[in-house]
Amino acid sequence: MKEKKKDDGEMAEELEKNSYRFWIWSIASMIFRFCIILFPENINLSSRPELSTPLTSLCRLAEGYWLKQASMSPYSGSMYHGSPLLLSLLGPLTVHGIEGQWNHHLCSLVFVVSDILSAVLLRATGQQLEKAYRLNLRRLGLLKASRDRGILPCGDIAALVYLWNPFTILSCVGLSTSPIENLAVIVSLYGAVTRKQLFERRVPLAAFGLIMATHLSLYPATLVIPLIFLLGYGLDAPPRKLFLQTRDREGEPGQDKLTRTTQLPFLWKTVLHFVFWVLVWSIYVLVLCSLSLKQYGGLEEMFKRTYGFILNIEDLSPNIGVFWYFFAEAFDFSRNYFLIVFQIYMFLSILLPLARRLKHRPCFIAFVYLAFSSILKSYPSVGDAALYLSLWALFVNELTDMKHSFFIFCGYIGFSLLSPVMHNLWIWRGTGNANFYYANAMGYACFQFMFVEESVSAMLNHDQALKKATAEMTKN
Amino acid sequence: MAADNRYEEEEVRTDDGSPITKPRPIVRLGIFLVAHSPVFSVVFSAAGVLALLLLPLLAKNTYISENALMPGSARSMLSNRDASDGSKLVKDIKNFRLNHEGQGVEVQRLIGKYMSEMVAEVYYQKFQPEGNQFHPLHFFSGPASYTLLRNVSCASYGVNVVGIIRAPRGDGKESIVLVTPYDFINGGDYEDLSLGVVSSLFSLLSRVTWLSKDIIWLVADSRYGDYRPVAAWLAEYHTPSFKVSDQLKCDELNTADNFRRAGTVAAALVLKVDGRSERFEDILSIYADASNGQMPNLDLINVVNYLAVHRQGFHVKVEKVVSLLSSSWLKIVGEIFEAVGKVAHTLNPDWKFGIPAAEYIEGSATLASSLYSQAFGIPTGPHGAFRDYQVDAITLKISPGFPPDSKARQHDFFLRGSQLLEGTIRSVNNLLEKFHQSFFLYLLTSPSKFISVGVYMIAFALLVASLPMVAASLYVDGCKALTKSTHNSAENFKSWKWLDAAKQVFALHLLGFIVTLLPYFICQVPGQHSPRNRSIMWGTTSSLLLVTFVTIPGCSPFSSRLHGTNWAILKSVTISAAFIGLCLMSIINFATAEIGALLLVPTCLLAQPIKPALRSRRVKSLLGAFCSMVLVTIGFPVIFFAITKGLVGEGLVGLSLGGEFWTWLESLWAWKSATYLYIGMVHLPCWLLCVCILFHPS
């Protein structure tokens, strides 16, 4: 008993030290961002196709705001394709400054703040997941109280990965709105994972995050599946069968309480609560949008110009995705067919099977969905990669045995550096052509696929290993 | 790389003892390669060097790829009258010079008057000579994004004279540019000749009916170098500035508001006449390298070469490294290849790859020069400015074989020179699209022979192929060693052992990045400093930074004693970083990557801790340690610079070296050469890491 207390004391001390370190690093990352923003040399990051897509470019947003100020529809022309709410939120910050250039420092400040906020929420989410991980291992009897030092503080790691990821930093200082989209996704996960009191989740917050993220970039709509699992079944845990085995082994009356909690049924009430709030928020957002677009064609125009633009892949300017080149080359008569095939591919072959196989790990499903949507999105940017990479870091404890990690890491670095080089070769030097840049995009997509595939298989292997370990314990 | 690491992981899996199915043949091949990486790395590197030596043999004859060009198919329309027009201009300028000493503006007016007499639109453009600016990162952006508006002084500015002939058959959307650099204050007799040639041509072009692209004649004020005036004119041509420039105020010539344009530039020819050739015949040298190893389309060179050789009888040559011509080892290599070629020919008469030794040496010297100027990344003439706007351009430098006062031969020279230009312009005039048919990436071994990218990449690929193999095998070894030494970490993070090493590699690359940017701040230090002092400043700050980095725990490679990092993993990560860097550089500038790989690959492969080697006292390991020491010494950029200087023939070792090195680097970043970035961000960090591995406390 005494030993345990001492251990707890040490742990608390360590925890304090860790949080102290975390704050130092996050403040450093903030300062670093400000340094780049204030750096006099105009590297012109905002015009890079890797950072700003037609959906996330702040320059386009400024244009849309200007149109709206001039009493025209912000969607007239084909400049702006984002949300009208974002326009009212960020638009005033993009108005003309003193030197005739719009004041991008204020916008950058908003992005830095949203990055920090995302990191803090990620940290809280991670702490919850870590707690759950510890608890589950203890329940399975695989972890003695004195030996849980090996468990990494995944919340801190995920938050720092988010803050110091070059992709995040670039999309933050490169004036794209992806930090805000990422924040919305992280808010929804945070709302679903953390609890206000013992059993009460922050359901309205989760619903709000989901609706906002969907409203801003459509693809996070897939998160509805992991969120329902999260609210219905609870946090990520090893497969339920294992707990049943453990319970069989320890048929003692003292363990009754524990076993009852492991046998959590699907919480229909919470899920219905969630659905209710989703409806409330979506109606709310739609009403706001229709109010803001009253004179300019209303909701119909918005749906056509934002979601229609995303699903139809109308803009074929180069980006790091795999669709622009394909649809630039595809014949017109087959275009609709390919559109339907590609968009449905994601739903049929990725969403449902994964949801079935990994339903005991809803947060991990969220990571996989986000990673896939970042690969198969119509207008991806590195900001999306930043999001799923930091979500991946939430599972460092489970994924310690991931294979080919060094190889994938090298691939990511190589292809991200190659992208500006290929772009330069094509656009400025004229010695390369579109194939060069597209080849790079395909290579990048390949590595992303490999990354997701390895993560999923590492997670399945982890479950397998747990199963083996429990089986051995049962034998003993 | 991709495949290899996969296989290496495959091996790890087998070590676990878990049952696996029999791997596919390609996987087994990969495992085989990785398992025998020392042998294969030696074989591949040797093959890479051999392939580089073989390149002159593999050169192909050039051919006109674009059918529309049809060089030499039309009869020249240039008459004696046009040539005498040129002679008249030259005579007038000479007389004017004699009467008015040092009045450059008047000469410009004179040329302008001549142009307008030929019904050309004439205007004058003022530009500011630019000082050395530190902008290495601008390599990634387009030419337009760095137009700097600075204080303008009236004391020194240059004036370009530009004349435009509108094409009778064109729609004014395309143009061809002729450039003659000319020093208006103290231009020599030979410079006058270039004006004469182009004005003869101009007088013809003002009359012809077949012209469908406008012709622009730019007389560039070469008082501030050849490149700067052309670059200034191009910048103004492509990115008009709407601000009223201060230059207009300090003015003798009225240049305000009359800048004329003539559509997209299809091609540009720069004509220079200088110095008398040693031979009796006129020599035409072609310069084509623009910044960062970019070349104009090969078709342009082909057209000029074809017309010059087959129509006008010029002796055409491209630059070569003269010191190589007399080198004995190259001669031996050439003779060996010749002998091998002969033997092969006797075996099978269809095999014709042998070339005479003399031709081989000639080709190698030209190839070396081609590689050198591309690797340097600095344009070899004013044509380089055009490449920034995706315009194909070359410089034609003619050395006439007669003294400047020989009137009869001068007339003939004008006739031939302008007929050459006329033929080229006629070919380009036929083009319906941009130059795109022929190669952009090639190396020249003679004016009529080239090596295309598909061939020269093989040498590089062979050279770097050993890197991923060795990295994979070292990674496997390192992982095994770590698993043995520390049982605890073996359980956790089986596949994340490289993180510590990656941290160290990243730290040193960060250091390299900072060192690369340091000159920017050193240039801001107030006061006049000699290049030597500046280089000393740079050296001291960099070493101070290095010391700081090394003392920071966690990211210094020397602190690995505490972490128990294996040097093998550190080396594996280093090699991977070098591989990525070299591959990236090979896409940006092949020549730099090739020379860099020749230096970096053996250094990286041979780097091993020397402590155990010294302890073991075995001849083999001592020899290895000695070799790696030598390679590391040569690999240091300053020492390599000194050695290259020594090889070229300017022997200098001593205190002036720092200053020279600084000046050299200054020229690199002034020309936005990516080579500077490569040296600072790939070569230097990898070199430092190799040093760290050498002195690793293992």
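For all residues, glycine too, the Cβ spot is worked out from N, Cα and C.
All TrEMBL annotations are machine predictions without curation.
These features come from TrEMBL:
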- B:29-55: transmembrane segment (TRANSMEM)
- B:453-476: transmembrane segment (TRANSMEM)
- B:505-523: transmembrane segment (TRANSMEM)
- B:535-553: transmembrane segment (TRANSMEM)
- B:573-601: transmembrane segment (TRANSMEM)
- B:622-643: transmembrane segment (TRANSMEM)
- B:675-695: transmembrane segment (TRANSMEM)
Statement: Contact count check, CB pairs under 8 angstroms to the transmembrane segment (B:505-523), set B:535-553, B:622-643, B:675-695; argmax is B:675-695
Field: Stretch in B:29-55, B:453-476, B:535-553, B:573-601, B:675-695 most in contact with the transmembrane segment (B:622-643), if contact is a CB pair under 8 A
entry: B:675-695
Query: Quick one: do the transmembrane segment (B:29-55) and the transmembrane segment (B:573-601) reach 3+ CB pairs under 8 Å, ignoring pairs fewer than 6 apart in sequence?
result: yes
Statement: Highest Cβ pair tally under 8 Å against the transmembrane segment (B:573-601), stretches B:453-476, B:535-553, B:675-695, lands on B:453-476
Statement: Counting only residues at least 6 beyond its ends, the same-chain positions whose CB falls under 8 A of a CB in the transmembrane segment (B:535-553) are 507-508, 511, 514-515, 518-519, 522, 525, 529, 559, 562, 658-659, 661-662, 688
